[in-house]
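The structure appears below as structure tokens.
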Amino acid sequence: MTEPNKLPPSDLSRDVPSHQPAAGGIAARARASAAPQYLTALNPEQREAVETLDGPVLVLAGAGTGKTRVLTSRIAHILSTGRARPHEILSVTFTNKAAREMKHRLGQMLGQAVEGMPWLGTFHSIGGRILRYHAELVQLKSNFTVLDVDDQIRLLKQLLQAENIDDKRWPARMLAGLIDGWKNRGLTPSQVPAGEAAVFGNGKGGKLYASYQERLKILNAADFGDLLLENIR
């Protein structure tokens, strides 16, 4: 893998200098005046991250130092220089709030072009979109339902009852947490270590996980963990 360009974390949030250095003279001022608006608000380190397009760039910086500004400006720069089209950009966040903020900022920079960016969102939303495109590969239909936590608990309670497992001693919510943890680690039922599967329901944790996945297929449904797991297995 290509070694990413690394930028110094300590200088990322430094204010934009109010005056250009004398070196460079008229040419430097001309370049600055001709810069797109999304570049003029950046300090030198941020601008370097935005304009470095040959290979990956790794930005290490603390909270409030302008990482989101750098990322959105970099996307705008890639699009404005013709390196990619809006639907070819993949921008992934952890939270819905961050995804909304990203889209809002890009909307201010790009206008309606941001609506042509289907691959801007959270890991789960993008995973779900990919899964709907290729649902048949994992024995689902493209209109599958994504279960919320309450639906997941109800389904697990049915499975516990079918196995004659005491739901008070072995709560469905506990099993849901185990399954979610396994999925976040990329583990299918057959890949769960025997010792971990044995900690629930008198050794039936692995069997219940497998039964749960089978029932999801029958219902043409997935849970939030599947939106990631089914894309990587």
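Using N, Cα and C of the backbone, Cβ positions are placed for all residues, glycine too.
Listed in TrEMBL for this protein:
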type	residues	note
BINDING	ALA61, GLY62, ALA63, GLY64, THR65, GLY66, LYS67, THR68	ATP binding site
DOMAIN	40-233	domain 'UvrD-like helicase ATP-binding'
REGION	1-29	region 'Disordered'
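DSSP classifies GLY66 (ATP binding site) as coil under the three-state reduction. Here the domain 'UvrD-like helicase ATP-binding' (40-233) returns a mean pLDDT of 93 for the predicted model. Annotation: THR65 carries the greatest number of neighbouring Cβ atoms among the binding-site residues THR65, THR68 [cut-off 10 Å, Cβ to Cβ]. The binding-site residues examined here are GLY64, GLY66; by Cβ neighbour count within 10 Å, the least packed of them is GLY64.
Of all the binding-site residues listed here (ALA61, ALA63), the one with the fewest other CB atoms within 10 A of its own CB is ALA63. In this view, the densest Cβ surroundings among the binding-site residues GLY62, LYS67 belong to LYS67, judged by other Cβ atoms lying within 10 Å.
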